[in-house]
Amino acid sequence: MPQARTIKHVFVTGGVASSLGKGLTASSLGELLTSRGLRVTMQKLDPYLNVDPGTMNPFQHGEVFVTEDGAETDLDIGHYERFLDRDLTRNANVTTGQVYSAVIAKERRGEYLGDTVQVIPHITDQIKARIRVMAEPDEDGRTPDVVITEVGGTVGDIESLPFLEACRQVRHDVGRDNCFFLHVSLVPYLAPSGELKTKPTQHSVAALRNIGIQPDALVCRADRELPEDLKRKIALMCDVDSDGVVACPDAPSIYDIPRVLHSEGLDAYLVRRLGLPFRDVDWSVWGDLLDRVHKPSERVRIALVGKYVDLPDAYLSVTEALRAGGFAHRAKVEIAWVPSDTCETESGAAHALSGMDGVLIPGGFGVRGIEGKLGAIRYARTHGIPTLGLCLGLQCMVIETARALAGLERANSTEFEEPCQHPVISTMADQHDVISGDRDMGGTMRLGSYPAKLVPGSVVAEAYGETEVAERHRHRYEVNNSYRDRLSKAGLVFSGTSPDGRLVEFVELPRDQHPFFVGTQAHPELKSRPTRPHPLFAAFVNAALEYRAAERLPVDISDSVQESTASV
């Protein structure tokens, strides 16, 4: 009888400072192990008390990444999906809010049989249960070889302690030979002395050891290469094998990180330590990606007109989907961050958008900056600039075309104006109690993957290459069906709807009116992969490239025109 395969656990922690790139490090390691033929899944443990990031300010948290099954998760889950090239579920993100809610609910039901409910063992047991779920077979019945779990926050944070203790207990439960602790730390460079300093990393590792965790390997983040003697010093002072000290200086692209970690031998070291099957990394797919990243044959400039552009992480999946769309055409996408407020006037929109090859209107919430988004759409529509609207972007496209083409000057959304003379965008039927405050706001939007039917021959159908698609959603408002006929007569094409025809999913202008003017109620950026660009983004970038090429074409001026010009 064959011996049951043991699932390996890799825990990724961070020290010294936040925003070191733990998520990208973990994702890159996952990509390397996947390229070695291993089945990898990933999880993020977030120490904040929010149940999920769905109600958090984008300026504080960045984007909310929505999974296929409708979970609102941390943006690192997006990194995991893009690097692993696989869909994850709601189990991939665990927060303190979820853990405490579950434990308190059990206590109220009497499941603890009168025990005093404590952080240890009740909270830690709940965290361990969430970690164990990741080791179970997926919907296809396949069990992972490796579960990579990233612990959010920084070692030393009070709120991280229960999660770190749970990880320590998992090592005890499954055996030390089946666990690997990877610690990401900062090695700062002090310009006055001209030195890289190891003391912060030593203190960070000491803090980990104080709670019973000895890291097996260290990823040392720095703005420059680490000398070998410095790596040997870190290995000695932190009690880590020399092969386990990995230098990870800043890379030109996030997609270079797997190559950097591989060149330092991290994946080979981990495979040996965990006794995993040793196969060479297959670079065929990722190598082709890096070739497209670093050797573009063309460039294209896209304006991203948003409300949260001061924090680019608020649009992380959008920017990566745009870049991936460029990779599909061996083009480098240069993103111009345009605050939507600057486009409220015609002159402001012209100043911000002239010279752009494409305009993207991303999602968002609230009335601030909406007139600027409408101004940007108006400029792009009237100047024939390829335009893509996502979620709120579609709604703004509908409002703008209703005002400009259908003669509904007071057209608006009930999100921004209530009551509204022409509510071309209205609250979804099952969302009225949320808007009125009678139901919780968190986790109640239309979330997750939903199917759509596309009109054959439409721009979106040709982009997808099919007429039945499914995309992820996150919204409370929709196109008001009572205005669909009037908008259609004005020239707006409803090129995709829900299978029952009730919900508008895609709109566009005909090709004879505009080269590419497409909006979707969905968030297609969430399904884009660097190695498999989303077809809608690939089509948008292609339209931008064609627009750029047309702008550069020489213009023939007839002799009569030249003569009349000369005589003026």
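Our numbering is plain: 1 for the first residue shown, then up by one each step along the chain.
Here the Cβ of each residue, glycine as well, is placed from N, Cα and C on the backbone.
Residues or ranges marked as active site, nucleophile in Swiss-Prot (evidence: sequence analysis): C391. Feature annotation from Swiss-Prot assigns active site to H523, E525. Summarising the annotation, Swiss-Prot assigns UTP binding site to S18, K197, T198, K199, P200, T201, Q202, K233. Swiss-Prot lists S19, L20, G21, K22, G23, L24, D76 with the feature ATP binding site. The Mg(2+) binding site annotation in Swiss-Prot covers D76, E150 and rests on sequence analysis. The L-glutamine binding site annotation in Swiss-Prot covers G364, L392, G393, L394, Q395, E415, R476 and rests on sequence analysis. Per Swiss-Prot, the feature domain 'Glutamine amidotransferase type-1' maps to 301-550. Under the heading region 'Amidoligase domain', Swiss-Prot lists 1-276.
Sequence features annotated in Swiss-Prot and their locations in the structure.
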residue	record	DSSP class
S18	UTP binding site	coil
L24	ATP binding site	helix
D76	ATP binding site	helix
K199	UTP binding site	helix
K233	UTP binding site	helix
L394	L-glutamine binding site	helix
H523	active site	coil
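Of all the binding-site residues listed (S19, Q202), Q202 sits in the most crowded Cβ setting, with the most other Cβ atoms within 10 Å. Mean pLDDT for the region 'Amidoligase domain' (1-276) in this predicted model: 93.
Counting only the Cα atoms, the space from S18 (UTP binding site) to L24 (ATP binding site) is about 13 angstrom. By the criterion of other Cβ atoms within 10 Å of the residue's own Cβ, the least surrounded of the binding-site residues S18, T198, T201, Q395 is S18. Sorted by the number of other CB atoms within 10 A, the binding-site residues K22, K197, K199, K233, R476 start with K199, the lowest. Each of the recorded positions D76, E150, E415, E525 was ranked by the number of other C-beta atoms within 10 Å, and first place falls to E525. Around L24 (ATP binding site), the same-chain residues six or more apart in sequence whose CB sits under 8 Å from its CB are H79, I254, I257, listed in sequence order. For G364 (L-glutamine binding site), the nearest of the recorded positions by C-alpha distance turns out to be E525; the candidates were E150, T201, E525.
When the record's UTP-binding residues S18, K197, T198, K199, P200, T201, Q202, K233 are compared pairwise by CA position, the greatest distance found is 24 Å. Excluding S19, L20, G21, K22, G23, L24, D76 themselves, the residues of that chain whose CB lies within 8 A of the CB mean position for the ATP site are, in sequence, G14, T25, A26, H79, E150, V184. Excluding G364, L392, G393, L394, Q395, E415, R476 themselves, the residues of that chain whose CB lies within 8 A of the CB mean position for the L-glutamine site are, in sequence, G363, F365, C391, C396, S413, I425, H475, Y477. Reduced to three states, the DSSP call for E150 (Mg(2+) binding site) is strand.
Note on proximity: among K22, G23, H523, the recorded positions of the record, the Cα nearest K199 (UTP binding site) is that of K22.
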